[in-house]
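Since the structure comes first, as structure tokens, the remarks are kept for the end.
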Amino acid sequence: MTFPPNPTSASAVIGGRLRLVPGPGIATLLKGITMPVIIAAFATYLLVGIITMRVPEGTDFPGPQFFPAIIVAGLYAFAVVLVLAAWREWRTSSDGSTDRPEEEGGTDGTPPGRAVRVDAKSMAWVVGSFAVFALVLNFLGWLIAASLLFWCVARGFGSTRPLQALAVGLTVSATAYIGFDMLLGLPLPSGVLGGF
């Protein structure tokens with residue numbers, strides 16, 4: 001059934017209220033692909049750096065280009081996944097399969113969405129922990145500073161298990177320390193554990 005362009009006549013013919021909402025335009029798609037474009041641009045910058053990198057003759061595998069190439073491949077893959085997700089969301093919303101569930105609630109009776117504000121306390125925990133991390137990294141060393149950074153960020157995100165967050169942070173920072181030191185040959189600051 002097609003509706004006439006005049007909403008008053010359409011509601012009179014149907015006998016109910018007609019709610020006109022704008023469909024998602026190209027701006028919605030552009031908003032969804034902004035971050036993937038930034039990620040792809042950064043990956044391209046890294047790729048140019050890898051290609052123009054001077055590698056000495058006789059360098060053993062993996063070499064200085066190997067790990068950056070893995071990161072570049074991951075960034076490009078992530079950008080493609082984000083573009084596909086944005087495209088899929090834009091296509092499904094332009095087909096009319098979703099009628100603004102945040103305003104009316106879901107079709108399965110879920111409550112409508114709510115407006116969300118930035119939590120200043122959480123933001124202070126996250127931003128402040130990065131600032132303190134930058135200041136104490138050389139003194140405390142990577143292992144302790146990165147563990148505390150992980151704990152503070154988890155606290156900022158609302159973690160209710162501080163000991164678990166600290167244990168995970170210690171594990172991740174130790175794994176990164178070993179990876180950088182043994183695989184890449186790039187020592188991270190030892191701090192108080194290494195006698196400065």
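Cβ atoms here come from the backbone N, Cα and C positions, even for glycine.
According to TrEMBL, the feature transmembrane segment maps to 33-54, 66-87, 123-153, 165-186. Feature annotation from TrEMBL assigns domain 'DUF1468' to 36-189. If you look up TrEMBL, you'll see 93-113 marked as region 'Disordered'.
Against the transmembrane segment (66-87), the recorded stretches 33-54, 123-153, 165-186 differ in Cβ pairs under 8 Å, and the greatest number is found for 33-54. Within its own chain, the transmembrane segment (165-186) is flanked in space by residues 62, 67, 142-143, 146-151, 154-155, 159, which lie at least six positions past its ends and keep a Cβ under 8 Å from the stretch. The domain 'DUF1468' (36-189) scores a mean pLDDT of 85 in the predicted structure.
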